[in-house]
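> Sharing a structure, written as structure tokens. Questions coming.
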Amino acid sequence: MGGAVSAGEDNDELIDNLKEAQYIRSELVEQAFRAIDRADYYLEEFKENAYKDLAWKHGNIHLSAPCIYSEVMEALDLQPGLSFLNLGSGTGYLSSMVGLILGPFGVNHGVELHSDVTEYAKQKLDFFIRTSDSFDKFDFCEPSFVTGNCLEISPDCSQYDRVYCGAGVQKEHEEYMKSLLKVGGILVMPLEEKLTKITRTGPSAWETKKILAVSFAPLIQPCQSESGKSRLVQLPPLAVRSLQDLARIAIRGTIKKVIHQEAVNKNGNGLKNTPRFKRRRVRRRRLETIVFLDKEVFASRISNPSDDNSSGDLEEERREEEATTPPDAKPEPPVNFLREKVLSLPLPDPLKYYLLYYREK
């Protein structure tokens, strides 16, 4: 699946393309996509394909196409403090983006069939927490991953506000998936080759909406153990945060408010995102394929005055861009204001590092 939008040269350009094509429609979803670089979840030798709107699979590792994840994130209608269950959590890319929206008082659980992929997801999560500035820009709900078949979840597990299944669900398993959902909750899953959004409006009442046609690998059926019994999957416990952890969250939140107020007093409008210098895009001739009598005829579509506001306008646009953008212009490296503020506080170093989650940068 995928290929609905043009490839980007970096993560931001990919997101720009998804916005332009209306796959990303809300600010919260856009912020989450920009905060986590899709390439970080690829193996090193395959990163050149990270910004294409294509699914990627290597062994048991799998990522859906960006346009699919965009539709899923929008359909889930995520809000801070909700509980989320990701069935087939894979690399943890989607779970981490969801965690940026859920905030510190949400619940973020994932079930993955393959133990090697669960380990891969934990490594990627650790890398994100240790190295990404986005961790300090958001209040993060850290995902917890367990290994097992998502069709064997223990029947006494808690229900969730939001559930996503990343594998094709057959009609026979629809009721099972619905049973994982709280009243008022939303379930998004590929059901009979349609990405489907199901909202639980009452104990036995549901609203169903078909979003788009998709092609997902089907759920793998459970295998019985040697004893003939299924292996029940125990989801992570719904643990209450310690007082110490709650204090850290509160202190970090207060510091962020101070930073924002200082920026308002200085600039009048708070912190601004670092400007992104976009590469100038070359206007390429688009190719249209016409299928006629089983033969493909390729017609070159060349820009003309009626198509492209005349070549004179393009030349003027080019000159203006060159005049306003220095040839060696590069965006300034982002500043982690929270980290700088914490390190400047008159506190013992161990407390500073605790407030920073012992992050490397």
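Yeah, the Cβs are placed from backbone N, Cα and C, and that goes for glycine too.
Below, the features straight out of Swiss-Prot:
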- S64: active site (ACT_SITE)
- 303-312: compositional bias 'Polar residues' (COMPBIAS)
- G2: N-myristoyl glycine (LIPID)
- 85-94: region 'AdoMet binding motif' (REGION)
- 160-164: region 'AdoMet binding motif' (REGION)
- 181-191: region 'AdoMet binding motif' (REGION)
- 240-250: region 'BC-box' (REGION)
- 303-335: region 'Disordered' (REGION)
- 345-348: region 'CUL-box' (REGION)
> DSSP three-state call for S64 (active site): helix, strand or coil?
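DSSP assigns S64 (active site) to coil.
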> Three or more CB pairs closer than 8 Å, sequence separation of 6 or more: does that hold for the region 'AdoMet binding motif' (181-191) against the region 'BC-box' (240-250)?
no
> By Cβ distance under 8 Å, which residues at least 6 away from the ends of the region 'CUL-box' (345-348) in the same chain are close to it?
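Long-range Cβ neighbours of the region 'CUL-box' (345-348): 355.
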> Within 10 Å of the Cβ of the residue listed as 'active site', how many other Cβ atoms are there?
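24, counting other Cβ atoms within 10 Å of the residue listed as 'active site'.
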> State the mean pLDDT for the region 'AdoMet binding motif' (85-94).
98
> With helix taken as DSSP H, G or I, strand as E or B and everything else coil, how many residues of the region 'BC-box' (240-250) land in each class?
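Reading the DSSP string over the region 'BC-box' (240-250) gives 8 helix, 0 strand, 3 coil.
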> Just give the helix, strand and coil counts over the region 'AdoMet binding motif' (85-94), going by DSSP.
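So the counts come to 2 helix, 3 strand, 5 coil.
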